[in-house]
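Taken from TrEMBL as is:
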{"type": "DOMAIN", "residues": "135-174", "note": "domain 'Mechanosensitive ion channel transmembrane helices 2/3'"}
{"type": "DOMAIN", "residues": "175-242", "note": "domain 'Mechanosensitive ion channel MscS'"}
{"type": "DOMAIN", "residues": "249-333", "note": "domain 'Mechanosensitive ion channel MscS C-terminal'"}
{"type": "TRANSMEM", "residues": "6-27", "note": "transmembrane segment"}
{"type": "TRANSMEM", "residues": "63-83", "note": "transmembrane segment"}
{"type": "TRANSMEM", "residues": "89-111", "note": "transmembrane segment"}
{"type": "TRANSMEM", "residues": "131-149", "note": "transmembrane segment"}
{"type": "TRANSMEM", "residues": "155-177", "note": "transmembrane segment"}
Amino acid sequence: MFQWINEATAINLALALVITIISYGVIRRLVTAVTSRVVNWSSRANSGWAHYVGEIIGRTSRLLILLMAIQIGLYVIDLSPGWEARVSHIWFLVMALQFGLWVDGAILLWARSALQNRNGHQRSQLTMTMISLMVRVALWTVVLLAVLSNLGVDITAFVASLGIGGIAVALAVQNVLSDLFASLSIGIDKPFEQGDFVVFGDIAGSIEYIGLKTTRIRSLSGEQVVCSNTKLLQQTIHNYKRMSERRVLFQFDISYRTPADQVGEIAPLVKQIVTSLENTRFDRAHLLALESSALKFEVVYYVLSADYNQYMDIQQNINLALLKELDQRGIKFGMPVRSLEFLEEVPLAYQGSPDAPRGGDSAAGIEIR
């Protein structure tokens, strides 16, 4: 009797071993063939997502393939209910771990590809590393909880304790977490990047480094300004690096002594000066107002570059050309002056009398402007 049981057991074990070996070889070849075909097809079709799929399938663990083959081989053996439950738990553990490896590989590939955006600008490596790390920690936490739940462990109290502990930790490091999430916000929303010239408050300078807690800025005067990420995002930030063109508005005054015909020639003259310069686009030039002491002109044009030095060079050339052209035409710039006009000669003796006319009266000998 026992001899027959031993023979049957030996036969079943041998059959299970053979099935395990065959299953391992078949699964290995299948994974290798699928990976090779997907990679070759992605190379011919120049498809990035297919290449990523091939890399993800290639992350299939050989150890897990062996455990999977053993699970398949054990199905030919009549196991007791207790062992069947254990085998079922091991099967779930193998599938959960393999699923976690595939998703973990997908996260790493996404982070690697996201470092380069569509325009070819380098994204923040620190930010992408932080995001991928947080997602991977969440993934493996879910896998761990799923495995513990499958093994019969009550995870409700464990999850509740994690929630309470998380609240306590968050309250203790509130400021640090605030700066951390501000750093993530900067990395995802990208209001500025390293090398951008920004202005906020009384600070103006170039971004040198974006860290987890602070951002370092090299100011125009040369010193390094360190600002908290949270406080930095609360500011209204002017990012001049992303400015494609600069709108310039300037005004100048012309004397009232200029004849009306020459006043009408000034706007076309300014347009001619601006359009003759490179990297400019003329918008308008108008006689804006009749001021108390001068004729005020307003000019608007665009510099087709974000370079501040180039803008200053263009404005200087406009000013010099305007000075030259107005001087050649005998047109004077307006200045706030006060003039005295003697309407008639008044005797000195009469000027000192109480009846002498005061300035501004219609009968006055002197008019003050």
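Counting starts with 1 at the first residue shown.
For all residues, glycine too, the Cβ spot is worked out from N, Cα and C.
Unlike curated entries, TrEMBL annotations are predicted automatically.
Per DSSP, the domain 'Mechanosensitive ion channel MscS' (175-242) is made up of 20 helix, 25 strand, 23 coil.
Broken down by DSSP into helix, strand and coil, the domain 'Mechanosensitive ion channel MscS C-terminal' (249-333) contains 37 helix, 27 strand, 21 coil.
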